[in-house]
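Below is one structure, written out as structure tokens, with a few remarks after it.
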Amino acid sequence: MATDFWASSHNKRWIIDRASLKQARSEDLRYVESPEHVDFLNIYFANLIAMLGKRLTLRQRVIATATVFFRRFYVKNLYCETDPFIVIAACCYVAAKAEESPVHIKNVVSESRLMFSQEGYGVKNFPSDNSKLAEMEFYLVSDLECDLVVFHPYRTLLTLCGREAAHAVVSEAGEVGVGIDNGPRYWGTGEGRLELEEGPLQTAWHVIPPPPSTLHSTLLRPKTDQIRALNRFIINDTYRSELCLLYPPHMIAIAAIYLTLVLNDKTREAIQAQTASSTPTPTPRRSSRTNTSSVHRKLAAAPQQQQDFVGFMAGLRVSLPTVAMIAQEILSLYTLWERYSDAAPESGLGQSAVGDTAGDDVVTPAFLTQLLLRMREARLADLAHPASAQPMAVNKRLERTQAAG
Amino acid sequence: MDAVEKANAERQRRWVKDQKVGEGTYAVVYRGRELATGRKIAIKKIKVGQFKDGLDMSAVREVKYLRELQHPNIIELLDVFSSKTNLNLVLEFLDTDLEMIIKDRSLVFLPADIKSWMAMTFRGLEFCHRNFILHRDLKPNNLLIASDGQLKIADFGLARDAADPGYKMTCQVITRWYRPPELLFGCRYYSTAVDIWSVGCIFAELMLRIPYLPGESDMDQLKTIFRALGTPTDEEWPGHTKLPDYVSVGQFPRTPLRDLFTAASGDTLNLLSKCIIFEPRKRISARDALYHPYFFALPYPTHPSKLPKTAAQTAAASRPPDEVDGNVDPGGGAPAGVGKAAPPKKLKRKLSGHDLSRNIARKLDFTAS
Ligand SMILES: Nc1ncnc2c1ncn2[C@@H]1O[C@H](COP(=O)(O)OP(=O)(O)O)[C@@H](O)[C@H]1O
Ligand SMILES: [Mg+2]
């Protein structure tokens, strides 16, 4: 199903409006202290899918599909009433089948157990029994209403940026479709392609898998600022948010190109200078702050600087305000992500401390696992005593933040 | 019951399941009807078993493609719903398939009839290929016929996206008699041309009324093909001797198609020959086939409603709709021992009740903790 996005189940049933998405998360929001905790959970779970996917040697596209399945499942389900870890495993398992690279159920179970039981995640009870995962697969496929074809931004990006420019990087990811030139794609004619150098293209689309050593350290060791900067390729990053439920993939691709062009040269220089100079003990928060704000400045200044780029965007005949909105959302994802750390926590330290810090501090996987458990317990209490069911108190911090501005 | 379960139950209630009509590799097929209209449907219940190994790959492929593909010549998936531990696909009911029609000796095929079936097959296939989907199991048995005569490509259990160049696919696909030589030689990088070969074999079978290339083993299949079409030279099919499972099965001379298909027109044989060209890249595409002079020459294709019908089809068509549907009262009248047509009330109870076969709940089971 490579061509007709408009006729697809993706377009017809799985692009939802913001209000429905908000509604889907409203119950979960009652059990968190700050709404951004739910956004952190969104990042956390997408990271887990990516990491499990890499352990299972799934291609990037399969990982992306698994993530979309996960998002769709939680349009209909609550974090606080389900076990997201087994849902994650099921998403990887089904996506692998749906994308024609099946993995054995046993492998999925054992890799999931291995990964989730790592100290940083603190998930102790992942079932060892294949049948549990198979059963979750059934609920997942039911809730997905058997819609297993997912469109991704990659192809649009490839086509918009031109085959030549893209080819070198693309072939490694195996994303070139048979007959990619055979007729128009759903977003348009491919006329007036944008010429991109390889550098920015990689920013918009991370296709070169990091070498095994990097991969290893990315997965298992604290991320250094450098790896962080290198791995932050926009399209893959968008899966950390719920954008894939809100916008057609080609719009996300165009927003990624937009951001890439905006972020190009100066910003990249700045990033490079930063990572070069701050290698020993990087302070992720501060350095990336600088990034983000310079990005914001650049974004504001962009239209005047990039004349041909404006012409290109206009030629696409898509809603530019929407593109800008998606781009803004990607940037706010980054802002949030700066405060997320999947560094392996030093035994026991941190988790409890982070639990009661102000919204500004670094959030870790262990904290988020604990958060999920607390949400679950509170939900259980509410369901056990429906009469007295009250939104969990708190939200003081939220009120304070809001009062502050 | 939460909103999701409610929506599912509502969908489920739209359909009534009657008696079993067949059993496939991963599913049991029932006849049924739409409660509101009495329209005939088929319910394909995918066996999940005791959740041992997860969903069968064929089931995944079938639902994946049927959910996306809407075309008059592709079987229509009307709905999906889940019951206890089963996924149910609601399909349009199709009375018969091309295999039964071919085998029905009482039927006489006119060239215009064959042209009509071929046109519908190519139209459905062109739609698949346009979407880069390979069917990989085309045979008369998988071309189903609706009561109005429309031909529908069914059984997407082996279908897959045409892979990226350089991405290996299995060559263990397509029922042997309809399998092209490149797959028999173990080719792992193939294209939409594999389906075209199958259509060529079906085309020939419609004229001969017996399978055209019925090999008894994979090796014999190659011999059967080369006996009919001559052993390919390296010029005809460059590089085929380098394919992974290449074996020499002997030299057979080329005999003109005309010798076997004595009554066929020149256009007919021209199109047939283009479907069964050895070199896959030279085989005609589904799109080009639709523009082939064969389809524009006299006689014009028979209107689907006027195509030869099996006795069963004729019987079904002559009865009024509610009699066809058995007019089963959704509480009582289901045939003995079948009784699957549960009343809505019962369905409801079943769904909300606790089901012991569930090991984990879709939702966390708070009663247990
Ligand atoms: N849409 C349908 N309408 C009527 N009968 C059907 C339909 N689909 C399947 N059947 C019946 O159920 C049997 C099994 O179908 P299927 O699961 O496709 O078989 P297989 O997996 O062996 O190809 C078919 O032989 C046919 O008799
Ligand atoms: Mg079949």
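Glycine too: its Cβ is placed from the backbone N, Cα and C atoms.
Automatic prediction, not curation, is the source of TrEMBL annotations.
Feature region 'Disordered', per TrEMBL, maps to range B:307-354 of the set B:19-66, B:307-354. Cα of B:V29 (ATP binding site) to Cα of B:D137 (active site, proton acceptor): a distance of 19 Å. Residue pair B:K45 (ATP binding site) / B:D137 (active site, proton acceptor) shows a Cα separation of 21 Å.
Annotation for B:V21 (ATP binding site): spatial neighbours B:V29, B:Y30, B:R31, B:A42, criterion Cβ-Cβ under 8 Å with sequence separation of six or more. In three-state terms derived from DSSP, B:T25 (ATP binding site) belongs to neither a helical nor a strand segment and is classed as coil. In the three-state DSSP reading, B:D137 (active site, proton acceptor) counts as coil. On the backbone, the CA of B:T25 (ATP binding site) and the CA of B:D137 (active site, proton acceptor) stand 14 Å apart. Between the farthest pair of Cα atoms in the ATP binding residues (B:V21, B:G22, B:E23, B:G24, B:T25, B:Y26, B:A27, B:V28, B:V29, B:K44, B:K45), the distance is 14 Å.
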